[in-house]
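Here's the structure we're looking at; comments come further down.
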Amino acid sequence: MRGIIKRLNDDGFGILYNKILVPFSAPGDEVEVLKTEKQKRAKIATEWRLLRSSPIRVGARCKVFGKCGGCILQHINYNSQLEFKKEKLRKILGREVEIIPSPRIFGHRNRIDLAVTVNAIGFREKGKWWSVVDVEECPVFGKTSKKAIERLREYIEEEKVSTWKIREDSGFLRYMVLREGKFTGEIMVNFVTKEGELPDPTSYFDFADSIYWSINRSKSDVSYGDIEKYWGKEFIMEELDGVKYLIHPNSFFQTNSYQAVNLVKTVEKFVEGEKVVDMYSGVGTFGVYLAKKGMKVVGFDSNAFAIEMANKNAEINNVEAEFFVASDREVDIKGFDTVIVDPPRAGLHPKLVKRLNDHGPETIVYVSCNPKTFKVNIEQLNNYIIEELIALDMFPHTPHIELVGKLRRLV
């Protein structure tokens, strides 16, 4: 079947004749689909030819683009990526939303999780959990990835390290997680293994500031486990607009440090008053930043380790912010000027929505990684109206987008 790709779906797949999804295609491409496969409710083109390129198509910087499942939009020029995301938001939210572009579109990621198998070191092939695409480097992470992967290959060969056979679920070394403070240059390497003995990696990774070893004792395919520091610093550090953050292997942190600066600045701009409650606070990314700007912050999260890290981050920045373990259903939100919510993709818990409607402050700042649940929650928060809404491209070359909304109380 031949035809021209008219548009992309929300996941970044080209749509041919409204019935076949063509991965790694671009609007305006003329394609010939040779083979399809039924997946869930759609037909996916598993083999296709590009007959004529779209004017918005560019050469992908990554050598394994089209195989690796990470950067599905890297073949589309960046302005067109932003237009795609604007149209996606327009369709979901029914309104125009300004998008702040990422300051960098390569070398911006501060974390990658490299699968380490007998056949390849790299990332999952698109749609194939059992297949890993071998890579020499990751352009969205940057130059350090090339050095780290080269050293990892040397380490495996010279120390005769057993690696992962995915289908058999055998082998010792499963993942190497690489993290980098983009504004500090500090590097952390975390080896994720099954039970056994880890040959000393320190001479191979002498460029790292911190080396960790995590043992995954479960049957789950995850890149974390029971953890211990092997060598070097307990934490590496990242810095956003003069505010310091400690990074631990088990910490969640915004993966695009350069755009995270714009994110915290946007949240600060939307906050009204001095007394702020930081829901879903994580490691204190927003709360510590706002406290550094002179606001009185109390934060809550259900993850005890995240709260421990948030309090450490408050301490190293010498700010008066306190963080406590609590679920989103328990927190007393009375007496604050602004509530910040940054929920998981599933959105706000219904009990929190009710409490916000009944007793919420004048202002809510809603940070969302899922426009669809954002829309649902905004409709449920019927005592509030959107006063300002900005999107940030935290994830270049992917279909994902971050939203920050300022909500003002009506009654």
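Every residue, even glycine, has its Cβ placed from backbone N, Cα and C.
Listed in Swiss-Prot for this protein:
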type	residues	note
BINDING	C62, C68, C71, C138	[4Fe-4S] cluster binding site
BINDING	Q254, Y280, T285, D301, S302, D328, D342	S-adenosyl-L-methionine binding site
ACT_SITE	C369	active site, nucleophile
ACT_SITE	E402	active site, proton acceptor
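Structure coloured by features recorded in Swiss-Prot.
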residue	record	CB count, 10 Å
C68	[4Fe-4S] cluster binding site	21
C71	[4Fe-4S] cluster binding site	25
C138	[4Fe-4S] cluster binding site	26
Q254	S-adenosyl-L-methionine binding site	22
Y280	S-adenosyl-L-methionine binding site	20
T285	S-adenosyl-L-methionine binding site	26
D301	S-adenosyl-L-methionine binding site	26
S302	S-adenosyl-L-methionine binding site	13
C369	active site, nucleophile	16
E402	active site, proton acceptor	25
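T285 (S-adenosyl-L-methionine binding site) falls within a helical segment according to DSSP.
Within the same chain, residues at least 6 positions away in sequence whose Cβ sits under 8 Å from that of C62 ([4Fe-4S] cluster binding site) are C68, C71, Q74, C138, P139, V140. Distance noted between the C-alpha atoms of S302 (S-adenosyl-L-methionine binding site) and C369 (active site, nucleophile) is 19 Å. The local packing around D328 (S-adenosyl-L-methionine binding site), expressed as other Cβ atoms within 10 Å of its Cβ over all shown chains, amounts to 19. Counting in whole angstrom, Q254 (S-adenosyl-L-methionine binding site) lies 11 from E402 (active site, proton acceptor) by their C-alpha atoms. Spanning the listed S-adenosyl-L-methionine site, residues Q254, Y280, T285, D301, S302, D328, D342 have a farthest Cα to Cα distance of 21 Å. Spatially close to D342 (S-adenosyl-L-methionine binding site) yet at least six residues away along the chain are M279, Y280, S281, G282, F286, Y366, V367, S368, judged by Cβ distances under 8 angstroms. In the three-state DSSP assignment, the secondary structure recorded for Q254 (S-adenosyl-L-methionine binding site) is coil.
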